[in-house]
Amino acid sequence: MIFLLIGPPGSGKGTQGRILSEKMQLPFFSSGDFLRELAGKEDSFSRQIRLFMDRGELIPDTLMKELFLLEIKKLIVTHGGIIIDGYPRTLDQAKDLESLLLSLNISDSNIYVIELIVEVNELYKRLNERAFCPSCLRVFQFHENICNTCGTQLNRRTDDTMQVIEERLREYELKSRSLHEYFSNRGFLMTIPGEGSIQDIASTIDQAIKEKKVGINKK
Ligand code: ATP
Ligand code: MG
């Protein structure tokens, strides 16, 4: 099974993706984590990636296409499925991913797109208050100091500043918003309210997956 998490920055894709990954026993791929690791290196390619990320802009497809698709393909082939957070983010990326899934003989009934809906003021608040664990990459509120899973001192993301948050939300409206209609027309979309407790949202996702499966079996 293939699960794609979409929704604006701060909507909880990473948090819910990790929970789903444990439940489904499938690997978790975060485009943001993948890029942050690349951007942390000191070659010219990494420096280029870092420039876009620091401004809150998407990395152009010309730079990333092969790398993303290769990594995703590898994970699907070795584990039989995947949970993806943050890819696709544009219609072109969505089409590239669908071609890959087709080439791997994955049927439409095994593709689930989970869209998390969160009100914009809440997104600002969450991103402004966000910290992460540099070791296991889990997300926290920054008034917490230590990762509750591995005990590491928490950090803040350099793109979680007011100005860059605004740009990321603008990029989302401009380039990613249209994925809603695209995946809805393809029959893959499950729209989930992303406000409330983490556990409640996870249960709503579980329920939506079960209902979609029942719907598919009835066809
Ligand atoms: P969230 O708050 O849910 O983590 P986000 O968009 O704020 O979402 P990441 O997913 O961690 O943050 O992505 C961080 C940055 O990495 C983006 O601002 C963008 O520069 C780059 N990026 C991530 N995914 C993609 C992608 N699919 N295509 C192009 N650039 C991407
Ligand atoms: Mg994330």
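Numbers run from 1 along the shown chain.
Every residue gets a Cβ built from N, Cα and C, even glycine.
Annotations in TrEMBL come from automatic prediction, not curation.
Annotated range for region 'NMP' in TrEMBL, selecting from 30-59, 150-179: 30-59. Residues within less than 8 Å, Cβ to Cβ, of Ile59 (AMP binding site) and separated from it by at least 6 positions along the same chain comprise Leu35, Ile49, Phe52, Met53. With the fewest other C-beta atoms within 10 Å around its C-beta, Arg157 stands out among the binding-site residues Lys13, Arg89, Arg130, Arg157.
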